[in-house]
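Listed features, source TrEMBL:
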| type | residues | note |
| --- | --- | --- |
| TRANSMEM | A:20-44 | transmembrane segment |
| TRANSMEM | A:73-91 | transmembrane segment |
| TRANSMEM | A:103-121 | transmembrane segment |
| TRANSMEM | A:127-148 | transmembrane segment |
| TRANSMEM | A:155-177 | transmembrane segment |
| TRANSMEM | A:248-273 | transmembrane segment |
| TRANSMEM | A:285-305 | transmembrane segment |
| TRANSMEM | A:311-334 | transmembrane segment |
Amino acid sequence: MSTVTAVADLRAVRRRRQTLVVAGMVLVVLVAGTGALLIGAAGLTPGQAIAGALGLGDKGDVFIIQKLRLPRIEAAVVVGAAFGLAGALFQSTLRNPLASPDILGISSGASLGAVIGLLALGMSGVALSGLAFGGAGLVALAIWLLAWRKGLHSIRFVLVGVGFAYLCSSLVAWAMARAEENEAAGVLVWTVGSVSDIRGEQLALVAAGTLVLLGAVAVVSRSQGPLSLGDDNARALGVRVDAARVGALMLAVALVALATSAAGPIAFVALVAPAIARRLVNDGGAALAASTATGAALTLVADVVGQHGLLGVAAPVGIVTGLVGAPYLLWLLATNEKRSR
Amino acid sequence: MVTALAALLLVVLASLALGVRDIAPAEVWRALTSPVAGFMDHDVVLDQRLPRTIVGLAAGVALGTAGTLIQGVTRNPIADPGLLGLNSGASLAVVCAVWLFGVTSPIGYVWFAFLGAAAAAAIVFSVGRGQPVRLALVGAAVTALITPLITLVLLRDQQAFNLYRFWSVGSLTGRGLDTVTALWPFIVVGVVLAAVLSHRLNMLALGDDVATALGQRVGTTRTLAAIAIVLLAGTATSLAGPIALVGLVVPHAARRLVGTDYRWIMGIGALLGPVMLLSADVLGRLILPRSELEAGVVAALLGAPVLIAVARSRNVVGA
Amino acid sequence: MTNLRAEGVSLGYDGLRVIEGLDLTLPDGKITAVVGPNACGKSTLLRGLARLHPLDGGRITLDGADITAMPRKELARKVGMLPQSSIAPDGVRVAELVSRGRYPHQGWFGRHSSDDDAVVTTALESTGVAELADRPVAELSGGQRQRVWIAMVLAQQTDIVLLDEPTTFLDVRHQLDLLDLLTELNRDRGTTVAMVLHELNLAARYADHLVVMSAGRIVAEGAPSDVLTSEVVDEAFGLRAHVVPDPVAGSPLVVPVGRYHSSAVEPSAG
């Protein structure tokens, strides 16, 4: 075997591993999705469920499957994928494994926007989503402007982001303390996020937007490899470092804002999914595809667990994601001692 | 150092004198030295302002010192008690105390908060094994694990939710002096430990290898620091709730003021902590007419700009 | 052949001028070594030549064209640069790291072609790290790691290669190995090599063209045997030294005097 084919083979091994992780996560999505289609209060048989999904059979069954169960599954997958990819982009671009919309204040910006809409303006529905989107976007923009100083430095961006995270979340906590008892519960839900009410046009909009952004990420993702070698090396390899970083971060922010506007800031998906994906792929890369798939799988599983009251109460997905993802991440962290030098 | 001390005295005085009812400094002094029972000004100073000032002093010292220790040990500029899972551990314990045992008095749940923080820290430090990046990741993962548990309890128990709503903002009011009386030894031990460790942190800042080569047992330093962090941050959270940003901002501000020597950073940090917390509390009394903003909210409002200014300063990059 | 040239270049950090109005031409197809005391601006100069550092004044041209007007990728296909102390990301393996040198040659989606594989393989083989292809970079020794980084720059297939202190942290044997490797690259492919070196005697032996810098300007440049005199060493480093012929290569050998241990004659000119 010549060395040329050896290099090609090594690359194929790496690629296979990435594909394997993505395929594994897709399998999790399929299994959890099928489960979510089959189980529920209506108690449909598998046959009825499949017929319903195809638009056949009993009208009521079709309604339950096509209007209630399928949209919720699709929403969890789309929103989860968006969060997973956004987290991976943040973390690799800022070269900090903690950088995620949760820690950088973008999620809490969305929460704050929604809380203001909910309590001060008495809004609901799409208007509220718009305000959440605006909150996330505004915080991202503010971080940007304040962190920019002759280029975009990672540490600066992260520190400014953390400042906003605390600022927004303490304002949310304060609003929650001041609110009436019944309103406060609504605020609580908006701080955790849920996929139960995303359907119809809104779902189509979010799905289409996420798809477009996925495509855009695929185009810019190439510079992530050189960027991980450090700014100087990346420049020497011909990467326009500031432009690449700004591009990747803009896409990440757009993904988060879009997903958050629909589902609220589903906690920890963007933090945990890429961390899991990177450890599974383990090639020193950004693991963008694997993070996307992992985010979708994590969110869907969490929603199935939460929806069917496996925790004793029917819980919105945002409560469960941390419970599903964090133990797995902790286990990975505890067991990969040897590899982390 | 002198300036910081003077600033501290000033905010203590302000904390005793200012509020909905402004009281002249001389009258404050008389209230402390020869109080007249039934005289409104004196009662306000002694019964309301003195306790919250003392709680603020204790929690502030603890937070400032703990924050400095955490950043020194993890070598991570965004590390703080919240990031290491301590606040979420304390919060979970408090809501569980309310939910399961119906505990509602501060002196009752103080101990739960402390144990919760300690348990979370124990997990974080043992899985993190002292490696800075791992510590931060494990802290975030533990927070990710605990926060949903808190929310779950809140969804089940209205009483816990109501208490948590106010507790989680972070405030110096409504805590009796008995909480400080119960917990002050922890702060003393923690501060003494921190003082002893500050010189070791200077070596640790150069990296584990250099510190070891300079004759330091790095593992011991980390363990002692972890103990001090739990004592201090656990106490602070028990006293005042999860106060955001004080533990994060104070070390950065101290570093800007006195440079890189941890012996100085630690000392200044211990003074700046209460300065920041008490100023937040005093400002909170003055911002809204006839109402108060909790110290936790004001601390975040004050701290975020400071943190951003620190981030924008030239020497943070590469730090 | 490509020709990299600095004309009246000024460089600095946040208002602090390090280099003022400096002219330098890297001779085509030759090995150039830049030496000088710490903080004399030699690394800054190299970074400026690779456009890693913005110019405060003057211009840098490649075959007469201003490099700041060039798309970065195009520049990266012509000028390769290995910055000081590069750190590989966790978990990345040798072949993968070296493959990243192909970045400027790839299109939008970065698909690897069999040509890329061949180039990567050649780079791995010529630096002697082909057997390590599947090993994580973090597990390698200092010498191996440096070779891997150089392999990455070789995979970039540029006519000019700039290296900032490539021999730092290497023992004597590995320093020689590395410089021999760069010499082969220069002789076999005609690659123009320019590097910052600390070790004067190795610089004098391996360089065709020696640039001595001090306090942001060039003190002397030319063939090592012409340039490296005890006067120049004194001027640049403030160090008294004998300069004698290297018994192996015949190039100048700098023997510093220092404050102790000198039993022999005072240094004389030459």
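Every residue, even glycine, has its Cβ placed from backbone N, Cα and C.
All annotation found in TrEMBL is predicted automatically rather than curated by experts.
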Which residues of the same chain, at least 6 past either end of the transmembrane segment (A:248-273), have a Cβ under 8 Å from a Cβ in it? 75, 78-80, 82-90, 92-94, 98, 100-103, 106-108, 110-111, 114, 129-130, 132-133, 136-137, 140, 144, 152, 157, 189-195, 198, 202-203, 206, 209-210, 213, 216-217, 220-221, 223-224, 291, 294-295, 298-299, 317-319, 321-322, 325-326, 328-329
Counting only residues at least 6 beyond its ends, the same-chain positions whose CB falls under 8 A of a CB in the transmembrane segment (A:127-148) are 101, 104-114, 116-118, 121, 156-157, 159-161, 164, 168, 190, 202, 249, 253, 256-258, 260-262, 264-265
Here the stretch out of A:73-91, A:103-121, A:155-177, A:311-334 with the most C-beta pairs under 8 Å to the transmembrane segment (A:20-44) is A:73-91
When you scan the chain for residues with a C-beta under 8 Å from the transmembrane segment (A:73-91), skipping those not six or more beyond its ends, what do you find? 29, 33, 36-37, 97-101, 104, 195, 198-199, 203, 206-207, 210, 213-214, 217, 248-249, 251-253, 255-256, 258-259, 262-263, 266, 269-271, 273-275, 277-278, 286-288, 291-300, 302-303, 317
